[in-house]
């Protein structure tokens, strides 16, 4: 099916929002211009809504295989499509871990059969993510590994991390890291700060993250490897990443929507839906994340979509697993709380969620360019809705944002020229 999207707006090559039509033919973007006509295409009236590149998320947890009670490839990718994401990169903390040919082939088969959006799987750095034996990077790359990570845990052994970085560099691949120094975690469930002190909880200190990043940056410099830092959350982390970039070290970084919108002061009670890793930090950390995003220290926004069951989250803040869902709330949360408040521009938000992650990892995504695959999301910037977890397509309803009123909701998502999700009665 060919589609002609009429009377929309998009961000052009100069980074400006302008009026446009967009023609999709044979799964590709055929033309982006005003006043397009086409005889062989279904016309979809966009009514002034934003036509954006499909959003790109380099940090997601789909849970399958092994955690299908939390999420499946089918439910997770439907939720991604509803959130406007067309390319997502799935973390390897599944059971089994994609750490060998057999496991990666099985994962790719599942993705091919079930995914509603483009899914690029990470390969594990170590076997079973246990930190003691390196995986076969060459085989995992051959089978389509997006990059290498042991996300969910930090690689504690510096010699293992250095060897992994050297091997990845030879393959022109990135090493992506969840950064925690295990000896400093302190059995914490929240940030070590005012909230932990008030409620008598063990806290995770900020330096637990930043010291690990500092170590890895020096290892990346020695290995000449592209090193990407997951979910940056502290002022100290921003500082060491900024210094590394100024020194010419190949380091990039991401931040989550929840760390951009919330800090520990916003946690209303010992609610496990506010428990994530890294935890919500202090006000100064939150300000540093915004500053780092604006000055280029932090390159992109990624959701760290981490679904869990209601039963798991009901165990209380100390026992409940870390993580919140992110796909279906990311864009409206960021648009309402950053763009509408004048902290960043709409153009910047689009870039942080599309071209910046795509360019960082060399993906042919993130831009509406003629000849490229038609991965598109259409967003109604005026639509206001209350976040209601009962309407999530994700199995995970674990969000701290229930009841928040937000503007800027995706109404249609196109993947490979086909409609992957559409809000009922969204377009005429």
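Yeah, the Cβs are placed from backbone N, Cα and C, and that goes for glycine too.
It should be emphasised that the depicted structure is a prediction, and the values quoted were computed from it without experimental measurement.
According to Swiss-Prot, the features are:
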- 304: active site (ACT_SITE)
- 59, 61, 151, 304: Zn(2+) 1 binding site (BINDING)
- 61, 62, 63, 93, 277, 308, 322, 323: substrate binding site (BINDING)
- 151, 178, 231: Zn(2+) 2 binding site (BINDING)
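Sequence features annotated in Swiss-Prot and their locations in the structure.
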{"residue": "59", "record": "Zn(2+) 1 binding site", "DSSP class": "strand"}
{"residue": "93", "record": "substrate binding site", "DSSP class": "coil"}
{"residue": "151", "record": "Zn(2+) 1 binding site", "DSSP class": "coil"}
{"residue": "231", "record": "Zn(2+) 2 binding site", "DSSP class": "coil"}
{"residue": "277", "record": "substrate binding site", "DSSP class": "coil"}
{"residue": "304", "record": "active site", "DSSP class": "coil"}
{"residue": "323", "record": "substrate binding site", "DSSP class": "coil"}
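Counting only the Cα atoms, the space from residue 62 (substrate binding site) to residue 304 (active site) is about 10 angstrom. Of all the Cβ atoms in the protein chains shown, 28 others lie within 10 Å of the Cβ of residue 304 (active site). Counting every protein chain shown, 21 other Cβ atoms lie within 10 Å of the Cβ of residue 93 (substrate binding site).
Residue 178 (Zn(2+) 2 binding site) falls within neither a helix nor a strand when secondary structure is assigned with DSSP, and so counts as coil. For the pair residue 178 (Zn(2+) 2 binding site) and residue 151 (Zn(2+) 1 binding site), the C-alpha distance works out to 5 angstrom. Closest in space to residue 323 (substrate binding site), of the recorded positions given as 151, 231, 304, is 304, taking the CA atom of each residue.
Between the CA atoms of residue 308 (substrate binding site) and residue 151 (Zn(2+) 1 binding site) there is a gap of 17 Å, rounded to the nearest whole number.
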